[in-house]
Amino acid sequence: MKLWLPFAASAGALLAVASFVGAGWDAPPVATEQLGFRGTGMYHHRDVETEAALKAANVAPPAPWEADPSGDKASALYQNVQVLGNLSGDQFNQFMASITEWVAPEAGCNYCHNPDNMASDEIYQKVVARRMIQMTQSINVDWKPHVAETGVTCYTCHRGKGVPAQVWSTTLDPKPAGNMTSNRSGQNVVAVNAGKTSLPQNALSDYLLGDKPIRVHSTTALPTGKNPAGTKETEETWALMVHMSESLGVNCTTCHNTRAFNDWDQSPPQRVTAWHGIKMARHLNVNYMEGLSPVFPANRKGPEGDVLKIGCATCHNGVQKPLYGVSMLKDYIDAVAVKGPSDVPNFSTYIPGKTEVLGGSAATPVTQP
Ligand code: HEC
Ligand code: HEC
Ligand code: HEC
Ligand code: HEC
């Protein structure tokens, strides 16, 4: 009789017990819901323990007051109002009060303004904020297939902070040693934007800035030599999918029937919304965030010197619909649910600190979706 068998079995049992009762590890209480037909494996599992914290962190703040739309327009009342000129004086003040709460509650108006000259553009944050107003208007008007009537405000991303908590940029950390090790294609390191897996590190640059094809599936049972995607491409798609799932706090089954990841006919409708979301994030990064590069100082850029960019988590912050689908737009219709002038200033000639009126003359058209 093999004597080692009972020993190995009891050692194994002890290890298993230790891993459950040991320090720092406990099984989260998981709630499971069935999303599709029986037998199709369509289940959604959620971690019940994290839910209270998520609920508390995703509450939409109320507007400071209800704005009166009548009276002289901001363009007549002030000197340098280039985007919000159509608001009434009261609407303009209400919006300034709100963006202060949304973006710089501690620093106040002076985060963007020189209090001795409110019309001046000398603080770079004001220049960025004006472009952010245009971006928010574009999201709400041009990207309804994604944001619907719910829309977004600055708060959706900023949550009371100058730099939103969930952003991404290029990362090459840890730096390779050089020579033959210098090109690892972002593989086999911790991919912070892909759920801390070891999937490709910079997948978001390829899909949410570049437009690399995401589809990798073959549509025939046997190889025909026509599908250029291999394991490497598939892993990159997977990295994006993990980013999307983590950002929304959902499982793959929220958007796919996992017996056929490629098949749109078997996919839940959320997948179509997500498809528009990918296009939208790319549009925002290419047309707004990258364009602002010359305006942002070095300490507001990533380790490789590129501007911080928008991913799914920037708005979603861990929940399936940002702020659980509560819309803040009704109090800010004229400010961010319609489009004002969409000219782009020539940021390449931007000189920090200098008072200059941007916009108008050096405008180049924005690429619209
Ligand atoms: C996050 C940046 C930001 C904060 C904070 C902010 N503003 Fe502004 N403010 C702007 C931008 C951008 C404009 C120009 C809007 C445009 O061009 O349509 C502006 C313009 C103004 C103007 C018009 C000045 C002129 O003559 O052209 C006034 C007045 C003003 N803000 C008041 C305030 C007050 C009061 C506060 C604090 C309660 C405040 N702002 C907080 C970004 C900000
Ligand atoms: C879709 C997400 C999103 C929305 C909506 C958004 N922002 Fe931003 N904003 C960003 C990101 C990302 C950055 C960080 C860029 C960086 O630091 O490189 C940023 C940076 C800024 C900054 C610069 C902060 C600093 O100190 O460097 C200001 C000011 C700002 N936003 C104002 C606004 C205002 C005002 C609105 C609403 C009109 C708004 N943003 C809406 C994503 C957003
Ligand atoms: C929020 C919705 C969403 C979630 C969650 C999601 N996906 Fe996707 N997935 C999509 C969309 C949209 C596409 C198609 C993108 C395109 O065609 O441009 C896609 C494409 C794919 C593809 C390529 C299909 C093809 O035709 O080649 C694979 C594989 C895939 N997803 C796997 C996953 C896995 C694995 C997970 C879970 C880790 C996941 N997805 C989670 C929305 C989602
Ligand atoms: C600019 C902010 C913003 C960004 C960035 C963003 N979303 Fe959304 N998303 C929203 C809003 C707002 C809604 C709610 C729309 C509604 O009420 O129907 C939404 C809804 C969705 C839904 C539908 C949820 C449901 O249950 O119907 C999916 C899926 C989704 N987003 C996926 C994504 C993915 C994937 C990305 C990144 C590629 C992304 N989103 C990026 C703002 C954003």
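Backbone N, Cα and C define each Cβ position, glycine as well.
TrEMBL lists MET96, CYS109, CYS112, HIS113 with the feature heme 1 binding site. Long-range C-beta contacts of MET96 (heme 1 binding site), restricted to its own chain and to partners at least six residues apart, with a cutoff below 8 Å, comprise CYS109.
In the three-state DSSP scheme, CYS157 (heme 2 binding site) falls into the helix class. Taken from TrEMBL, the feature heme 2 binding site applies to MET132, CYS154, CYS157, HIS158.
In the three-state DSSP reading, HIS146 (heme 4 binding site) counts as helix. There are 20 other CB atoms within 10 A of the CB of HIS146 (heme 4 binding site), with all protein chains counted. For HIS146, CYS312, CYS315, HIS316, the entry in TrEMBL reads heme 4 binding site.
For MET241, CYS252, CYS255, HIS256, the entry in TrEMBL reads heme 3 binding site. Using a 10 Å radius centred on the Cβ of MET241 (heme 3 binding site) and all shown protein chains, the other Cβ atoms total 20.
For MET132 (heme 2 binding site), the nearest neighbour among the listed binding-site residues (CYS112, HIS113, HIS146, CYS252, HIS316), judged by C-alpha distance, is CYS112. You'll find the Cα of HIS158 (heme 2 binding site) roughly 9 Å from the Cα of CYS315 (heme 4 binding site). Close to the recorded heme 2 site, the chain also has ILE99, TRP102, VAL103, THR136, THR153, TYR155, THR156, PRO164: residues not among MET132, CYS154, CYS157, HIS158 whose Cβ is within 8 Å of the site's Cβ mean position.
Among the binding-site residues listed here, namely HIS113, CYS252, HIS256, CYS252 has its C-alpha nearest to that of HIS316 (heme 4 binding site).
Least crowded of the binding-site residues (CYS112, CYS154, CYS252, CYS312), judged by neighbouring Cβ atoms within 10 Å of its own Cβ: CYS252. Of all the binding-site residues listed here (HIS113, HIS146, MET241, CYS252, CYS315), CYS315 has the Cα closest to the Cα of CYS157 (heme 2 binding site).
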